[in-house]
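Feature list (source: TrEMBL):
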- S186: active site, nucleophile (ACT_SITE)
- D356: active site, charge relay system (ACT_SITE)
- H389: active site, charge relay system (ACT_SITE)
- 55-112: domain 'Partial AB-hydrolase lipase' (DOMAIN)
- 1-24: signal peptide (SIGNAL)
Amino acid sequence: MSLLANTLYLLLFFSSSVLRVAQGSSRASLGRKNGATTFPPSLLGDDGICASSVVIHGYKCQELQVTTADGYILSVQRIPEGRSGNGNNQTKQAVILQHGILVDGTQWLLNGPEQNLPLILADNGFDVWISNTRGTRFSRRHTSLDPSSKAYWDWSWDELGSYDLPAVVEYVSSQTGQKPHYVGHSLGTLTVLASLSEGKLVNQLKSAALLSPIAYLSHLTTQLLDVAAKFYLDEFIRIFGLSEFIPKGIPVQAFLKLVCDHPGVDCYDLLPVITGKNCCLNSSTIDLLLKNAPQSTATKNLIHLAQTIRSGVLAKYNYVRPDYNFMHYGEAVPPVYNLSNIPHDLPLFLSYGARDALSDVVDVQTLLDSLKSHDADKLSVQFIKDYAHLDFVMGVNAKDVVYNAVISFFNRQFN
């Protein structure tokens, strides 16, 4: 079990397991101005993302907070300029970066300044904003709920697209007077696609770059997660009545052993088992990731992903009981996200890899089919035959292979 415990973070992008529920007390909201406040240093713990991963490299960085319409207080980091300053009187284009599941914004900063996307963007004249979803290490606050309460964890990726992303985009727009560009990885692509398909953000984003895009999940090539979803682990979780997914907990290890003992599932080396065979990671970066991840998320979020894997349909969270679905949606079955509703003139950049076990080539093609009416000059697609899931955010050669293409895509958008 030592290997399983040390690499458990690799449940990081999908599947389900077990969590903690406790009774909690409410917490009063902190003072804020225009939707954001500066982090009090005493509340940061571990010095915060700016201090630990940005300022140490000689870049300016601000710790901010953004409050969602449903009361979650999100941590946001702003890197306003490159290490050299990039001309202080020059207006810089804003870019928002959104991470995947069970990690936070630190995932973008694990490599050195010459290899990580936020600092490369800053050095290329962009105003960089890193968003951290609810429940992650520095986004565990709410205007009235405590993270030890069950109510705090009553959300899935539906709410990330409906509340978290709009709150961050609106705040960045209000502070910069701009429509920002957007970069998402993994779950950070699913949430923006869902939001855009419902008409949210369509007039607020300048463009969106989707790295290792996740939407349809019917063709996962990782047997571990496929078995996990088909075991109906959401039912397993409900038996325990747990709402916070704590990946390092003993019940998760027990569950993982159960799945790994299933015929045909080889868990000897979990990294390629979960993400596909990444080509371009170095061991020191993986060590840093292990120190920062896995982080908590809502059980409901993982159940929703498992539902998507099983059904092959991109839909809202299924409460199973028709009366519960009717109470939430006004119909007995969850509404489907229609990605063809995304405005055809919104510039999109998709980059995916042949070795990615989570963003499988077949599923990406299904996503592209749903975008077939998109204006040809507004849709850019990059296929990388050697890349798997983590290469897009941790690959030592990602600057040359992916990030330069993203910057060129952004620089072509003039409206």
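Backbone N, Cα and C define each Cβ position, glycine as well.
The structure displayed is predicted, hence computed values, not measured ones.
For the pair formed by H389 (active site, charge relay system) and D356 (active site, charge relay system), distance between Cα atoms is given as 5 Å, rounded to the nearest Å.
Distance from the CA of D356 (active site, charge relay system) to the CA of S186 (active site, nucleophile) is 11 Å. This prediction places the mean pLDDT of the domain 'Partial AB-hydrolase lipase' (55-112) at 93. Non-local contacts of D356 (active site, charge relay system) by the CB criterion (under 8 A, 6+ apart in sequence, same chain) comprise S212, T275, G276, Y387, A388, H389. Residue counts for the domain 'Partial AB-hydrolase lipase' (55-112) under DSSP, helix first, then strand, then coil, are 8 helix, 20 strand, 30 coil. All chains included, 31 other C-beta atoms sit within 10 angstroms of the C-beta of H389 (active site, charge relay system).
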